[in-house]
Amino acid sequence: MPAPRAAAAAFLLLHLVLQPWQRTSAQATPQVFDLLPSSSQRLNPSALQPVLTDPTLHEVYLISTFKLQSKSSATIFGLYSSSDNSKYFEFTVMGRLNKAILRYLKNDGKIHLVVFNNLQLADGRRHRVLLRLSNLQRGDGSVELYLDCAQADSVRNLPRAFSGLTQNPESIELRTFQRKPQDFLEELKLVVRGSLFQVASLQDCFLQQSEPLAATSTGDFNRQFLGQMTQLNQLLGEVKDLLRQQVKETSFLRNTIAECQACGPLSFQSPTPNTLVPIAPPAPPTRPTRHCDSSPCFRGVRCTDTRDGFQCGPCPDGYTGNGITCSDVDECKYHPCYPGVRCVNLAPGFRCDACPVGFTGPMVQGVGINFAKTNKQVCTDVDECQNGACVLNSICINTLGSYRCGPCKPGYTGDQTRGCKTERSCRNPEQNPCSVHAQCIEERQGDVTCVCGVGWAGDGYVCGKDVDIDSYPDEELPCSARNCKKDNCKYVPNSGQEDADRDGIGDACDEDADGDGILNEQDNCVLTHNIDQRNSDKDIFGDACDNCRMVLNNDQKDTDGDGRGDACDDDMDGDGIKNILDNCPRVPNRDQQDRDGDDVGDACDSCPDVSNPNQSDVDNDLVGDSCDTNQDSDGDGHQDSTDNCPTVINSSQLDTDKDGIGDECDDDDDNDGIPDLVPPGPDNCRLVPNPAQEDSNNDGVGDICEADFDQDQVIDHIDVCPENAEITLTDFRAYQTVVLDPEGDAQIDPNWVVLNQGMEIVQTMNSDPGLAVGYTAFNGVDFEGTFHVNTQTDDDYAGFIFGYQDSSSFYVVMWKQTEQTYWQATPFRAVAEPGIQLKAVKSKTGPGEHLRNSLWHTGDTSDQVRLLWKDSRNVGWKDKVSYRWFLQHRPQVGYIRVRFYEGSELVADSGVTIDTTMRGGRLGVFCFSQENIIWSNLKYRCNDTIPEDFQEFQTQSFDRLDN
């Protein structure tokens, strides 16, 4: 077939083939965007903006395949503003509510919600979800949700979506599924245009066809079209070869004519009138014969002289022609390079570029058609998964020329950014990282914390024996935490590990703590090296450690902590106002405000609105007698006139927004306009203002308070009160001393020493009954500590208190070593029995001999003390033995339970005890005629959660009443 005819036939066939394709192209081909975070093909978020705001766009599909554990929640897909984090579009699964929620920004700047109810999406099974949004650029849009290939719900007449997208594509941020343990996202794609049937087939779903026939026949036509295109390609190949042959023939004829010497046009003489005779033309002039010395051949071509002239050999490799004229061969036409690799035609020869990314192989270079046909470039796929392309312990999927990183392997948790770490869970023994001697605790954010059990110490993953129960092991452990170091006082609890002379022996058990050669009992500076023992003021402290060297001050009190004792400091509180002029000498108050004009500043006035210059406070409740009404309707220890919730129990008096209404009775604790509980709440950050309620991971906790719920700059993991910004760590450094028998001189008052930043208290004297009470008040609380009597010379009472409201109202847990009758029989004979006792103190007389004898006595005393529980073993404490106590108090229901451990063994348990005498209060320690008591490793924690055994106790109580 001549070349022109072949070309015309080819183009005619192409036109005929494309005609049906053009007719069916009205059914647009789906455009698919892979949104998986791990996809190597994942698009830039800014690429979505021009697509979604295209005015011709009428169909958008979101397809996903995932598995969520029971009651899990997750944002599957969302578009947000990268500048202010506002939502443009978001699709969220709410597992606990069996709902899915679609949120998108309308034209008026408000968020529109579409709620799909009764969807079982978080049940630990794999689900396929298809979300179809139609007619988005009009005001009558619709949304259809398909679950596991079946339509589950649809909503009509919706406002426009995507119309609120910013005009700046760079300000759009794309967020997808945030994986949690046991959850995974297998597929996430955004599809624009196309038919529902086409998109559903991407999930291997074959829905009932309700599309027009033209749309449903697209698949058959595609197969027909592919066949026709294959035939067309074959025909075009034949035409190409034919054209190449025609070019060669034409070139040969051109060269032959150019070199032909005998060729020339015939000519005729003019005939005579009688004849017509052809006459040969005159002979042309003789041309000179050419030889090889004139270099007639193409460079590099061998030339041979012959009788008739010269003869040229064949063209060099890489060229084609007659030897005289040679043209470069395009070897790239024979496809020597790997598909997708650029072929560079050289003169002569060719070169293949390097293999594509994800492949490996040589860079091929050669000359000639034969070489190009027989030396094809070979590129082999690189298995990136063997080269650590994905993070360790994650799923890696090798693909041709690339790879894809999937979720963490089973048993691991994390992502490709944070890495995959061993999955931890307290519920699964195989995933529990804790020591067999530790308790596994799951925190609010799903983290796992390990805490060594009673009688053991360490970091929780490794635990060793701890005889004195001060949280330091008897021997050093193979871990790096502070609590892995060897206890420097193995048999004496010292949770601060103080060691003044750094000799490796703790001060608590070092007979010469400062290493000056003078035993502690004779040393006037026990913790300061002073061989000379100089003591200028003749008090009990030598000059080397005396904060007032020339003024006698045995209490060594130093209010402002400046190193100068109050006795010799002319500005005790360090507020810049001299004591003689300061209306609060021991409380900083530069403003010197004094509302009632009694010369006592408001900052330290026990009645700031009632004149009471003597500051008398008989019942030690921090409210002066002049304004103390003792009218307390809710029994939480705060009289009605000062209680910020007079009829609601709230001993802590927490008022987060400082509006004068306590959180317990405030509907909006943070005053951000979102109610704590009722719609449009509940507030996902109840204590931190966040009117927009941003919650990126949809876990029910707002972004602003995710890891620090009360925003007190102490993360929840170590915060003892995560929902109270006023309490962060256990600290008894500030305390109130309460003497319970202030009359008489038979004994002396207790001497309290606070160590380890307020987490350890020591009482050194054989004293009258007394309390050291912290200033922090609690509603529900867990209180624990280590109790140790470090002497063998006495056998009296030691313990702790809770629910302290005043010196006549508190709970006390007290332990007597032996049975003993109190030596003062007035006002009545009091007998103490050995063992642990839980008492409710509600004294009508207050501190004095009646309360003193009532505390000593084991049993109830009228108008003074009630015995709530006594350890039936009647076993006293042992000398120099450590015990650990755990108290749970929930004043809102009257729940009390206390347990004691000796080593790791539970030795006493009060069980559930119900009493509502005191509805919350402060914590502290108690002593009565017992010296050298140590309360070590003290810990308290806010906790209003009602323990499970309370419900069991109530059920049993009702059953007994019924019987």
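Here the Cβ of each residue, glycine as well, is placed from N, Cα and C on the backbone.
The disulfide partner of CYS509, as annotated in Swiss-Prot and taken from the candidates CYS484, CYS489, is CYS489.
Per Swiss-Prot, the cysteine from CYS355, CYS385, CYS390, CYS396 that shares a disulfide bond with CYS379 is CYS355.
Among CYS326, CYS332, the one Swiss-Prot lists as the disulfide partner of CYS343 is CYS332. A disulfide bond in Swiss-Prot ties CYS627 to one cysteine from CYS604, CYS607, and that cysteine is CYS607. Note on the compositional bias 'Acidic residues' (662-673): residues 643-645, 647-650, 653-656, 683, 685-691, 779 of its chain, located 6 or more positions outside it, place their CB under 8 angstroms from a CB of the stretch.
Non-local neighbourhood of CYS479 (disulfide bond): GLY458, ASP459, TYR461, VAL462, each in the same chain, at least six residues away, with C-beta under 8 Å from its C-beta. With the fewest other C-beta atoms within 10 Å around its C-beta, CYS396 stands out among the disulfide-bonded residues CYS396, CYS452. Summary for the disulfide-bonded residues CYS405, CYS484, CYS525, CYS665: the Cβ-based neighbour count within 10 Å is maximal at CYS525. Residues near CYS545 (disulfide bond) in space but far in sequence (CB under 8 A, at least 6 apart, same chain), listed by position: ASN524, CYS525, LEU527, THR528, ASN530. CYS326 (disulfide bond) has none of the disulfide-bonded residues CYS312, CYS337, CYS396, CYS645, CYS942 nearby, counting only those with a Cα within 10 angstroms of its own Cα. Close to CYS463 (disulfide bond), meaning Cα to Cα within 10 A, are the following disulfide-bonded residues out of CYS315, CYS343, CYS352, CYS385, CYS405, CYS484: CYS484. Cα distances from CYS337 (disulfide bond) to the disulfide-bonded residues CYS297, CYS312, CYS390, CYS408 are smallest for CYS390.
It is CYS385, among the disulfide-bonded residues CYS385, CYS645, whose Cβ has the fewest other Cβ atoms within 10 Å in the structure shown.
Tertiary neighbourhood of the repeat 'TSP type-3 4' (557-592): same-chain residues 546-548, 550-551, 599-605, selected by CB-CB distance under 8 Å and a gap of 6+ residues from either end.
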